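Peer 1: Encoded as structure tokens, here's the structure I'll be asking about.
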Amino acid sequence: MGAFFALGIFQGAVYGLLAVGIVLVYKAKRVFNFAQGEFGGVAAFAAFYLVVNLGLPYWTGILGGLAAAVAMGLAVERVIVRPLESASRTIMLVALVGVALFTIAIIVLLGQPVPRVMPPLVEGSGVNILGAGILPQQLILLAVLAVLAAAMAWFFKTDLGLAVLASSQDTRAAQVVGISPVAISRLVWGMAALLGGIAGLLYAPVGIFTPGFMTLTMLVPAFAAAVLGGMTSLPGAFVGGIAIGVVQNLGIYLLGQQLKVPGAAELGVFALLMLVLLIRPQGLLGKEA
Amino acid sequence: MKQLLKVDGLHLRFGGLQVLNDLSLTVREGQIVGLIGPNGAGKTSCFNCLTGIYQPQGGRVYFDGRDVSHLPTHRRARRGMARTWQNLGVIDSLTVTENVMLAQHQRAGYSALAGMLGLAGTWHRERELRRDAAEIIEYFGLDGVADERAGELPYGVRKTCDMAMALATDPRLLMLDEPASGLSPEEALGLSTTLRELRDRLRLTILMIEHHVPLVAEVCDYVYVLNFGELLTEGEPEAIQRHPEVIAAYLGGTAESPAEPEAADDDTVQFASEPPEWPLMAEGKSNGTA
Amino acid sequence: MATATMTFGRIKVARRFGLALRVAVVLALLVLAALPLLLGGDVWAQRISRAAIYAIIGLSINTLTGHAGQISLGHQAFVGIGAFAAAFMASRLGAPLGFGLAAGALAGMATAAIVGMVALRVTGLYLALVTLAFGLTAETTIFNWREFTGGGAGAFAPRPALVSSDHAFALLCLGVLALVLYADWRLVSTKAGRALAAVRNDERIASTLGINVTGYKLAAFSLSGLAAGLAGGLFAHWNQVVQAMDFEFQVALVWVLMTVVGGLRSRLGVILASAFFALLPLTLPNFLAGLPWQPPFLNEAVYHVLPPFIVVVMLLIVLRFFPGGLGQLLRPATRWLTKGGDR
């Protein structure tokens, strides 16, 4: 049981990292970014291509992966988000779902749907935490999550961050500050893609990865984490991510292993999501707005 | 005359903002009653409490002698409370005819399921409803635009359509939210004829929010004045116009003030409908960014 | 057309002629659509069944999203539950087909009604998230519950003798589609359709007009689930075996996109788009194999992702250039066919 707890914390770190990007986009644009996971997918596959297929050094893989993610983020902003600015939120969400499926399809077309193994950032055997073997890669992931969540929370206290927030209330308010809404939109999507890319790069080496690995298994828990944290709170995304990871793994332990319920991990996440939305819709750390 | 609407001690708060404070008023059958006051006084919030869109923290609403305080909005509507909206209560994607037929919902005379199954009676009733709608549309002079989508029509026409819809619900009490706003002074005075005619011919009772003082003075039997969520005074229109506090609070300078903002049309949370001290936000909302 | 009682004889004739022409066009289109069924053999009969089932699913999503303005990204759960319920009735209880389909429809309806209750509290983007999570959970939990679904091997749903041939089954599917179409048409032409339009646009206005917003939302979910469950039941007997992997949650996403591409609130658009995406995976491999030049990266797995790829490309085109979907493109034609150019 302790091992499941520890596994949950580290599994939760990747949810938290995705949730930070989701919260960023929601705070700035009031949009649910269903393409957040695929920023990571693109980064992971680009890095794999550079490092494994071409045999280039690891740092080029990281840079190339992040560049690919940011390029995708800016492309999504230009091609999808901006033209649909005036469409309903639901249409925007459907389009972003489309972006995620589209990206997965492209990756499959170019790279075949075979499992891949990405070498880790740091070699070495795992450390034992509460009876669970935790890879160095996962320790890095948790640390990076903490740093990035804090950095994003700080960002929203800077003048630029406040301008981004103001633009979510009223596009003209940001213009008064002297920043064009288009620049803010680019900035937000570029940053979100960067965060997604980091998540993908750090998580891909933890196990084997296949096309769509970030969207198909990570996205819903990551959204649950963001909602649990209150959707606009960055510390909330951090705490929410870890909490979802723990609940998921305790679900696997209690429901799956003890009671033999199929799909225990998903059931745990769904139950927690419903509980939060029905009882405390503003989330654990969320304030109104 | 019988009391049709009685409001007893309404209290409404949004967070720290006291929107309505111990508001009581009475509307007798066959009366035309005005509800006036400066922007942010809580007039539209009062309507929202009466129709059940807001749940006030305290107070009761009696309609036709029965306590309706805990009824949901649609049940109050079915008892005969109809209203118009400052931002207009028309559905833009429907035509004028469809909008009026939409308002006839509660007297369609068949169940939704029967309609879906296409049972025999429903076809006939649909034709009757269409005929009734055409009559109402003609009464309001909308026949020329009956098949136009409401969203494509000018403001004044949509406002008339809103009024036609309120009437199509077959109400006993008609609650009008600024019926004269957006009309020219002559049109506003012409409205008084229409309102009297509605009362006398259809035996309606009317409660209206209005800024247009000449119209209020002309048509209302009784007036309530609201200021900062509290009842400032009440009385006959002539007396009200001479009331010094009213002149100070309201008639003094804001007769030509802009429309007060409606609550955000957000699909999740409704905040205070009338935040007087945040003009920037109000602008944003009217811009449709909510 | 009541107002168009023309006094000029010539125009009257033109009108009558126009009506005849319109009827002729509709009949010709119907005959054209029936040709594959008449001449295409079993392969086309199967394809038509699948297209009809997809069309029912598209109309089901259209009821919820198009009419009521609610979103469901977990629709495959309703269809899947209907499919498994029908298979369970057929293989475990040996019930007649009608009971199986009814059980499928009711199972879909009950599931959707429960999700609908959640939708009363949770709206908009959050509802999208909840339905997505629900679909995912249903996929991994209910559909993997061995006693109900037969686990990995799947549940069998043999066809009874009456509809055992592919042609007979295609007729059954088309018949059910016709019923669903009729119900949808009457729904939008009567008070429920107007009430849903009001609920979709502004719940507060709807409620002050005496419309029970809660009731209509729940009804829309139930109705959508009913159609989805019915489609699931047909799907079970079409394939004759149901497996959890038929109802992965990507399927629901493709269905929603497919419906939007067809055009919300456009029956014809939804049917055409649904049929297109039903046939795409069946016809695409043959089509690509017949090309004179073979793209190098094609293989089995690629066929699996090409339909989502194509639906997304179409969606992006639709959203940018004609937000009303295929229905918007078809509107001049449908308006002429139904109204004879009155408007």
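Backbone N, Cα and C atoms are what each Cβ position is placed from, and that goes for glycine too.
So TrEMBL lists the following for this protein:
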- A:6-26: transmembrane segment (TRANSMEM)
- A:38-56: transmembrane segment (TRANSMEM)
- A:62-81: transmembrane segment (TRANSMEM)
- A:93-114: transmembrane segment (TRANSMEM)
- A:134-156: transmembrane segment (TRANSMEM)
- A:176-202: transmembrane segment (TRANSMEM)
- A:261-279: transmembrane segment (TRANSMEM)
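In terms of burial and nearby residues, how do these features look in this structure?
Peer 2: Distant neighbours of the transmembrane segment (A:38-56): 18, 21, 62, 64-69, 72-73, 99-100, 103-104, 107, 111, 116, 118-119, 192-201, 203-204, 209, 211-215, 218; these residues of the same chain sit at least 6 beyond its ends, with a Cβ under 8 Å from one of its Cβ atoms.
Residues 31-35, 37-38, 41-42, 45, 49, 72, 76, 80, 84, 87, 210-212, 215, 219 of the same chain lie 6+ residues outside the transmembrane segment (A:93-114) yet bring a C-beta within less than 8 angstroms of a C-beta in it.
Packing against the transmembrane segment (A:134-156) from elsewhere in the chain are residues 6-7, 9-10, 13-14, 16-17, 20, 23-24, 27, 120-124, 126-128, 162, 164-165, 195, 198, 202-203, 205-206, 234-235, 237-238, 241: each is 6 or more residues past its ends and has a CB under 8 Å from a CB in it.
Within the chain, the transmembrane segment (A:261-279) has long-range Cβ neighbours (under 8 A, six or more residues past its boundaries) at 220-221, 224, 227-228, 243-244, 247-252, 254-255.
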Peer 1: Would you mind listing the long-range same-chain contacts of the transmembrane segment (A:176-202), meaning Cβ under 8 Å and 6+ residues beyond its ends?
Peer 2: 14, 17-18, 20-22, 24-25, 28-29, 33, 36-44, 47, 61-62, 65-66, 68-74, 76-77, 81-82, 121, 137, 140-141, 144, 148, 152, 159-160, 163-164, 166-167, 214
